[in-house]
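A.B. asks: Got a structure here, written out as structure tokens. Questions coming.
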Amino acid sequence: MPGPECKWSTTETGAPCGTDDSSGRLAPVFVYGTLKTGQPNHRVLLDGAHGRAAFRGRAHTLEPYPLVIAGEHNIPRLLNLPGRGHRVFGEVYEVDERMLRFLDEFESCPDMYQRTRLHVALEGVRGPLECFVYTTATYPPEWVHLPYLDDYDSQGKHGLRYNPRENR
């Protein structure tokens, strides 16, 4: 059974599960892990049954964050510790409310990830862009000491193979 339904966040900090917004607007979402192009879960962004997701470009966080691979399934996690780690590379998608709700459920928000906001530099665009992102705020203390990545690849030289959901 899925956790509580997350809705559009309206606070400056992007507190998870804010108020609903049915305005039909598109929300920018920064993805840094298995949802990126060429990664194991990218297909869910392409599936129109979940809503609309339009690729806007490559980007990187303006602040450094610790991006680690953690847990028994080698899941990439962006720890919500701005100022530590590296500027993280990823992609920005503009998503409709239906896709955002799907992503909240897919990312087990708010139990496993929390939908927050951060600023990114989008390639070819001047000025920062505020995006939603799925970060991890609650985790075992040893995760802070794992190696920090700046650009996740499930087949990367780190040797930690992601275990897809369908194999768990």
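Glycine is treated like the rest: Cβ placed from N, Cα and C.
This is the feature table in Swiss-Prot:
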REGION    1-20  region 'Disordered'
BINDING   Y32, G33, T34, L35  substrate binding site
ACT_SITE  E107  active site, proton acceptor
A.B. asks: Within the chain of L35 (substrate binding site), which residues six or more apart in sequence place their C-beta under 8 angstroms from its C-beta?
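C.D. replies: Residues satisfying the criterion: N41, H42, V44, L45, E91.
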A.B. asks: Using DSSP and three states only, what is G33 (substrate binding site)?
C.D. replies: coil
A.B. asks: From the centroid of the CB atoms of Y32, G33, T34, L35, the recorded substrate site, which same-chain residues not already listed sit within 8 A by their CB, in sequence order?
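C.D. replies: Checked against the 8 Å cutoff, the neighbours are V31, K36, Q39, N41, P76, G90, Y152.
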A.B. asks: Neighbour count, 10 Å Cβ-Cβ cut-off, for E107 (active site, proton acceptor): what number do you get?
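C.D. replies: Within a 10 Å radius of the Cβ of E107 (active site, proton acceptor) lie 20 other Cβ atoms.
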A.B. asks: Within 10 Å of the Cβ of T34 (substrate binding site), how many other Cβ atoms can you find? Include all protein chains, please.
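C.D. replies: The answer is 18.
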A.B. asks: With an 8 Å cut-off on Cβ-Cβ distance and a minimum sequence separation of at least 6, pull the same-chain contacts of Y32 (substrate binding site), or say none.
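C.D. replies: Those within reach of Y32 (substrate binding site), by Cβ under 8 Å and sequence separation of 6 or more, are L67, P76, L78, V88, F89, G90, V133, Y152.
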A.B. asks: So for G33 (substrate binding site), how many other CB atoms are inside 10 Å of its CB?
C.D. replies: 23
A.B. asks: Measure from the CA atom of T34 (substrate binding site) to the CA atom of E107 (active site, proton acceptor) and give the result in Å, rounded to a whole number.
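C.D. replies: T34 (substrate binding site) has its Cα 11 Å from the Cα of E107 (active site, proton acceptor).
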